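*Asks:* After the structure tokens below, expect a handful of questions from me.
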Amino acid sequence: MARTQLQRARDGEVTPAMERVAERENREAELVRRQVAEGRAVIPNNHAHDALDPMIIGREFATKVNANIGNSETSNDPREELRKLHTAVHYGADTVMDLSTGSNLDTVRETNVDHSPVPVGTVPIYEAVKRVDSPAEITHELLLDVIEKQAEQGVDYMTIHAGVLMEYLTLTDGRKTGIVSRGGSILAQWIEENGMQNPLYAKFEDICEIFAAHDVTFSLGDGLRPGCLADASDEAQFAELDTLGELTRTAQDHGVQVMVEGPGHVPMDQIRDNVERQQDVCDGAPFYVLGPLVTDVAPGYDHITSAIGATEAARGGAAMLCYVTPKEHLGLPEATDVRDGLAAYRIAAHAADVANGLPGARDWDDALSEARYEFDWRRQFELALDPERARSYHDQTLPGDNYKDARFCSMCGVEFCSMRLDQDAREAGDGMTTLDDGTDLDVSPAADVNLPPAGTHDTSSVPQEIELDDETFSVGDLHGDD
Ligand code: SF4
């Protein structure tokens with residue numbers, strides 16, 4: 001039977017996926033192997049995901065970003081789902097989660113896996129709910145069937161809310177917003193109506209066996225995460241975290257890779273404690289956080305409120321950040337929301353990597369600053385995190401080609417351009433020295449995700465044409481960029 005990356009790492013083997021990851025991170029393959037063997041990093045890599053360009057999630061490596069995509073009851077166009085996938089990859093998502101809850105679930109999932117160069121994650125309880133009239137009717141067998149089928153389809157990691165235990169539900173009674181995780185609330189209803197323990201907890205070892213056979217990575221879900229600042233760091237959240245620590249060890253004993261999900265909504269001053277607590281309880285297993293949002297007052301801008309929290313979480317050791325879009329709490333994101341959410345989170349991840357001193361992470365900033373000071377506008381656009389947006393904002397006021405070498409822009413205007421004035425003063429030889437330049441990104445030790453372009457993936461295994469609903473169209477038509 002094919003073995004998992006964890007099992008092979010423990011046996012001292014450097015797999016092709018580890019070699020590829022080492023190349024992308026610009027780190028030693030032996031470091032990658034050791035981190036995977038110790039459970040401190042994961043390489044989500046289902047044996048059946050042929051289009052995958054392997055990547056690694058762990059605090060020793062560049063901070064990664066996940067984008068959630070997927071349909072809902074009110075949005076069921078499979079082509080729109082593929083557009084979201086390609087927009088996400090184009091703008092730098094390191095993984096995507098297909099959270100579809102509408103129709104055509106198998107078609108959407110299989111097409112996503114076939115065409116995704118990044119790992120694909122799912123939450124299988126969503127599909128289980130779709131197969132019954134009420135959550136209480138979900139059986140243990142149905143859950144295992146859904147999980148096994150998704151593993152066979154090539155899903156690389158799955159969110160399993162196995163830590164929502166019967167005895168923890170009353171701990172949420174005094175909360176302002178109760179249980180806000182979709183998976184958590186479904187399981188709470190199941191437990192209440194059946195009077196039995198969480199089926200994902202009861203069948204956890206069976207799930208481990210399925211995951212081991214396909215090398216699916218656990219993303220242990222935080223079904224009792226806080227849904228507002230007032231509920232952060234409460235007894236329910238930390239009781240569940242203790243169980244997730246226990247389940248981390250159980251899964252790893254089965255040779256299965258594990259990461260652990262985290263909150264949610266957390267005041268700034270509690271974020272670092274949350275990260276440190278997870279690292280301690282879960283023996284350093286990678287922490288995958290949703291935001292967290294640092295204030296509840298800005299619906300419409302929650303990509304910003306949460307990117308602030310995500311930066312602090314990554315500073316403290318979170319390994320992957322689940323993006324939040326401006327539509328959070330308000331509606332299903334569209335392609336433009338995916339773009340805005342990803343920009344916010346790529347900034348958060350990169351800012352944390354720079355501050356944490358990840359090798360070479362700042363080289364990108366230095367190269368862009370040099371281009372800026374030299375008024376090399378084309379190079380600035382090329383190096384920008386979102387080149388299309390930088391160019392279009394510049395060209396709104398100074399569209400002509402002659403302005404691509406101009407020693408000013410419309411922000412301060414020619415007379416007040418401080419960088420031009422500074423350069424003129426240096427040239428006049430009034431005692432100021434010349435500034436350094438010359439960052440060469442070709443020799444930077446930075447990981448791919450800390451170098452432009454943001455969406456750096458090997459897409460050679462991705463089929464370039466897609467057949468859907470008896471129609472063929474090309475992958476190139478799907479990008480959501482301008
Ligand atoms: S005009 Fe102002 S914003 Fe524009 S390049 Fe000069 S200093 Fe920078």
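Heads up, the Cβ atoms here are built off N, Cα and C, so glycines get one too.
Unlike curated records, TrEMBL annotations are generated automatically.
From TrEMBL, here are the annotated features:
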- ASN68, MET97, TYR126, HIS161, SER181, ARG182, GLY183, ASP222, GLY223, LEU224, ARG225, GLU261, TYR288: substrate binding site (BINDING)
- HIS265, HIS329: Zn(2+) binding site (BINDING)
- CYS409, CYS412, CYS417: [4Fe-4S] cluster binding site (BINDING)
- 429-482: region 'Disordered' (REGION)
*Asks:* Could you check the binding-site residues ARG225, HIS265, HIS329 and say which one's CB has the fewest neighbouring CB atoms inside 10 Å?
*Replies:* HIS329
*Asks:* Tell me which of the binding-site residues HIS329, CYS409, CYS412, CYS417 ends up closest to GLY183 (substrate binding site) in space, Cα to Cα.
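*Replies:* Smallest Cα separation from GLY183 (substrate binding site) among HIS329, CYS409, CYS412, CYS417: HIS329.
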*Asks:* Sorry to bug you, but what's the C-alpha spacing from HIS265 (Zn(2+) binding site) to CYS412 ([4Fe-4S] cluster binding site), rounded to the closest Å?
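*Replies:* Roughly 39 Å, rounded to the nearest whole number.
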*Asks:* Let me check the 10 A CB neighbour count of TYR126 (substrate binding site). How many other CB atoms are there?
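*Replies:* Result for TYR126 (substrate binding site): 19 neighbouring Cβ atoms inside 10 Å.
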*Asks:* Please determine which of the binding-site residues listed here (CYS409, CYS412, CYS417) has the lowest count of neighbouring CB atoms within 10 Å.
*Replies:* CYS412
*Asks:* Using a 10 Å cut-off on Cβ-Cβ distances across all protein chains shown, tell me which of the binding-site residues (GLY183, GLY223) has the largest neighbour count.
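*Replies:* When each Cβ's neighbours within 10 Å are tallied, GLY223 leads.
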*Asks:* What is the nearest of the binding-site residues HIS265, CYS409, CYS417 to ARG225 (substrate binding site), using the Cα of each?
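*Replies:* Closest by Cα: HIS265.
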*Asks:* Using the CB centroid of CYS409, CYS412, CYS417 as the [4Fe-4S] cluster site centre, which other residues of the same chain sit with their CB within 8 A?
*Replies:* PHE408, SER410, MET411, GLY413, VAL414, PHE416, SER418, MET419, ARG420
*Asks:* Could you measure the widest C-alpha to C-alpha distance across ASN68, MET97, TYR126, HIS161, SER181, ARG182, GLY183, ASP222, GLY223, LEU224, ARG225, GLU261, TYR288, the residues recorded as binding substrate, and give it to a whole number of angstrom?
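*Replies:* The two farthest binding residues have Cα atoms 20 Å apart.
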*Asks:* What is the separation, in Å, between the Cα atoms of HIS265 (Zn(2+) binding site) and CYS409 ([4Fe-4S] cluster binding site)?
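*Replies:* Distance (Cα to Cα, whole Å): 39 Å.
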*Asks:* How many other Cβ atoms are found within 10 Å of the Cβ atom of SER181 (substrate binding site), counting all protein chains shown?
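*Replies:* I count 24 other Cβ atoms within 10 Å of it.
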*Asks:* Going along the chain, which residues six or more apart from ASN68 (substrate binding site) have their CB under 8 A from its CB?
*Replies:* VAL96, MET97, LEU99, CYS322, TYR323, PRO333
*Asks:* According to DSSP, folded down to helix, strand and coil, what is TYR126 (substrate binding site)?
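*Replies:* TYR126 (substrate binding site) sits in a helix per DSSP.
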*Asks:* Among TYR126, CYS409, CYS412, CYS417, which binding-site residues lie by ligand 1, judged by Cβ under 6 Å to any atom?
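*Replies:* CYS409, CYS412, CYS417, in sequence order.
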